[in-house]
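Here's the structure, in structure tokens; my notes come after.
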Amino acid sequence: MAASETWTRWRYRYVPDKLVGEILAKNWIDTLIPVVILSGVLTFFSVQMPGFLGGSNLTDIAQIYGEYLIIIVGITFVMMAGGIDLTVGSVFALCNLAALLLINSMEINLAIGIPAIMLLGGLVGLINGVLIGYLGMRAFLTTLVMLIIVRAIVDKGLLDYGQTISRGFNASSAWEFMAIGSVFGVPSSLVVAAAIVLVGHVVLTRMRFGWHVTAVGGSRRSAYNAGIRVKRTICLTYVLSGLLTGLAATFYAARLSSAGTDVGKGLEVTMLTAAVLGGISLGGGRGSIVKAMLGALIILLVQNSLIRMGLTSGTSSLVLGGLLLLAVAIDVRWVKNRHKVLARAYVSPTYFKLPPLPETAADSGSDYALNDKLRGVEAIGLGELDGPEDVIFDREDNLYCGSRHGDIIRFFAPDHTRWEVFAHIGGHPLGLAFDGEGNLHTCVGGMGLYKITPEREVIKLSDETNRSLLSVVDDSRLRLADDLDIAPDGRIFFSEATVRYEMYDWMVDALEGRGNGRIICYDPRSKSSRTVLPNLQLPNGICVEREGQSILFAETWGCRITRWFFDGPRKGETEIVVANLPGYPDNINRASDGTYWCALCGMRSPVFDLALRMPSFRKRMVQKVGRDDWLYPNMNTGCVIKFDAQGNILDVLWDLGGEAHPMITSIREHKGFLYLGGIYNNRVGKYRIPGADPNWTSFDDYWGPSA
Amino acid sequence: MISALKARWDAFRGSGEAAVTVPPMDGALRPNQLLEDAPLLCAIAAPDDLAVRSGDLLVSSGTEIRRIRADGGTDLVKSFPVEVTAIAASAGGTLAVGLANRTIELVGGKPDGLVLSTLGGRSAVCTTALCFNGEDQLLVAQGSATRPVAEWKRDVMERRATGSVWRVHLSDGKDQALAQDLAWPFGVAPGDGGQTIVSESWRHRLLQVGSGTAPKAVLSDLPGYPARLHRDQATGEYWLALFAPRNQIIEFVQREPEFLKQMMADVDPAFWAAPALKPSATFLEPLQGGAQKHLGMLKPWAPTRSYGLVVRLSSDFRPLGSFHSRADGTRHGVFTCLRFGDHLVAASKGGDAIVELARSAAVRPVPELEFA
């Protein structure tokens, strides 16, 4: 091996390139931008202003931060639903006026006064909501007009009640607590804000209303088609925003007792800047309360510091406007390009070298020499099936297979021409296995491990396993459960092909060449799953051996078949049974003469084998070449091999040119015939095995003859 | 300095020289099945070049030149000890034959028995196309200065440009280079005003060359590798055969020196990620994702390394119409297409067939009204 190749091998073993794509794929990656900005702001002002992080400054900021937070939670809901609320500035002023009037001058009990003030804010929100949600008016214009109208009302109110307010004074301790009180040093407004933030976060991420808001903001039309009451949802977000602004204004009133004309002026721009800077998209549907918190904190720190640095208020607005522009630019560019960056970064090839390709020429005398034994096999369900990945028989000789439409199809014995949908699962059923009681077990791509009783009841057995300690992708969910087999004690061993790709992308995993898959054991006694063999190269077929102590499993991209002992004296050991296959092994099943069948779903090609040794070549290919043009393993020709427990190749069945069975993903022997399935095929093939036991069935071989 | 920076910038952006994008088949090149469905004139192994001599249609196949009878059968005209790489016939009945043994033989007519073995003092290693201009002038395309025709795959993957086009005066044996350093000239035809039109295959374009003037591109960015070019004497139009399609993965591999070197060193040329003359017949050839068979069927729009394409060009080289055999077809690797009597005949080397095309079918398709 050349020195550079050795270097490549080590470099790809120890540098985890895949993490870049996995981190970029996380939803929380959006939050990274405000975090970076925040740390920039903190660093800048800490250097510029000694005592910036001092205690007294923080206490000042904390009180205002509490008020900001309360407002921005409401704004977040409005923006998440795709709207915008510019009225907050005047609503804030209006509610401040009302609070001073009701509580300071009229000395109404806080328990009545605060809800009343909030309702006043909510009323303005309701007007917004009705105009925007129900009448379909533009959010920007409507709230801009409302901003002016409400401001006019405030100015009028100040003229009428300015005298009254300035004379009022409420001496109640509750009012004083709202103004200057604190809990363990945390100002009262911040305590209340924390509670609201918590509730807001839970509602937005965990509850129906929050999901509706996100859905409406993400795609209004789809939300409507999904049955969400779009108009009501939009209306409610404005009401919520009004209510929360009212509450914030009450705290402000308690703190400052000021009714000047400039109260709340420019607040709408400040809040909008904070939200967008935090990463709440102006287009709706993207954002979180945490992002809003970060945005508000950044804005507050900048504002506060600029004032303390002695800048005039005009300069401060200039900086704020600049920040808003920057935030909008980042928002637009990021949302537009994120998926492109992700698409370029996610596929992460690694170094993998296969041994030299075995000879397959017809006259080569090789174990794998080409022949035409599968030419002209009988077809079952031709043109009626779509994607029978696996095939299996019950005791009554009925044939079962999966379909891409998410069904299990049953063909009736004896001639298998009549068929029905045996059960609908919803995902593409892949591997199939019967237990002794006649329950059909299946691995469903994208869904997990399922069981269908003879009464056609569909039961989910497992859709998760233990999360491994250091994985960035959430590998506790089953993404691509593939094939399974059942041990004599009822434990189910099943393979998950890859944890990095979804069902429809499984071939892309071939470009990585890494061990992204695993074998999982489901234990019916504890009804739970655990990963037993991690880091396999697309583990696929699984077959429990007759001794009941070991399984044979195929690693598709590794081109090998391995034995693993799950019981008995050699428990936990693995050994390679067949290495260096000329193709990519798929399902493994028992044969009538005590040996095993294995389907090769595709064949190796020298060019792809070479590409596997050059990870950077594949990386560049993914980045530069269109997806349909990528090099893949050759999946247009398949074959079937027969091997014994020692790994000797006994027979090979080819379908040259892939006329009838381009890609064979499974085989099942039943009463002297071999049945062939294919995940992209439109039929099940039926091949007469010369000299096979005409009475042998897989079902009896596993569970004994019927009583 | 500037060019080095530009190269890096292009490599980063995937633009300029680093671009692996291929032009779409659109407009006059919109795909159809006319070539695939065309009636078979003659089934013959690997037909390479066609020529019309004294009303007879001649074809070169392997080491032989055969005459095609009206009933589809063939008669042997002449057999050679080595592969025939190009043929051309003059109106006076002289046949020029390019051979893999570095010579060009002339058969019949005045120069009968003449053997050309050097052009400009160098041996005629790689005669890819021949064309008579009158009885005395022979236009010769040399695909490469060093490689024989059989090594075309290596040449295209390395994107060499050592080819040349020559004008030879048969009466006195004088030769004259019309253009040098071309990337595999694969077809020559007389143009207007004494100019010569050359198809420069590896650069996917047609050039107009003449002694004393710099080559000028008259048609660029073809979606395939152009092969031979023949002028329709009756109409002044041209018939251009393209023997393989451009493909993103091939363009990409061409720009990956390390991978290319390894592939050429370790892998049989038949299994390279390179243009091909026949549709993939073995799993040892590389497969592209879009060519995966679904429901037992290869889609006609699948990415492919072989294709059948004949294009009709106006006398000023605007494409007017085309005949296709798509990814799921068999009549791939068309090297030559010319007018024979009232018909158009095309030799599909990959499809082992000579087919008859209806000239009138090559028109620019009218776009269908999708939502009418």
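From the backbone N, Cα and C atoms, a Cβ is placed for every residue, glycine too.
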(message) Checking feature assignment: transmembrane segment per TrEMBL, candidates A:108-128, A:591-611. Which range matches?
(response) A:108-128
(request) Six or more residues out from either end of the transmembrane segment (A:317-335), which same-chain residues have a Cβ under 8 Å from its Cβ atoms? (result) 30, 33, 266, 269-270, 272-273, 276-277, 279, 281-283, 286, 299, 302-303, 306, 311
(message) Would you say the transmembrane segment (A:28-47) and the transmembrane segment (A:235-254) are touching, if the rule is that at least three C-beta pairs must lie under 8 angstroms and be 6 or more residues apart?
(response) no
(request) Over the span of the domain 'Strictosidine synthase conserved region' (A:482-568), count residues by DSSP class, listing helix, strand and coil in order. (result) 10 helix, 44 strand, 33 coil
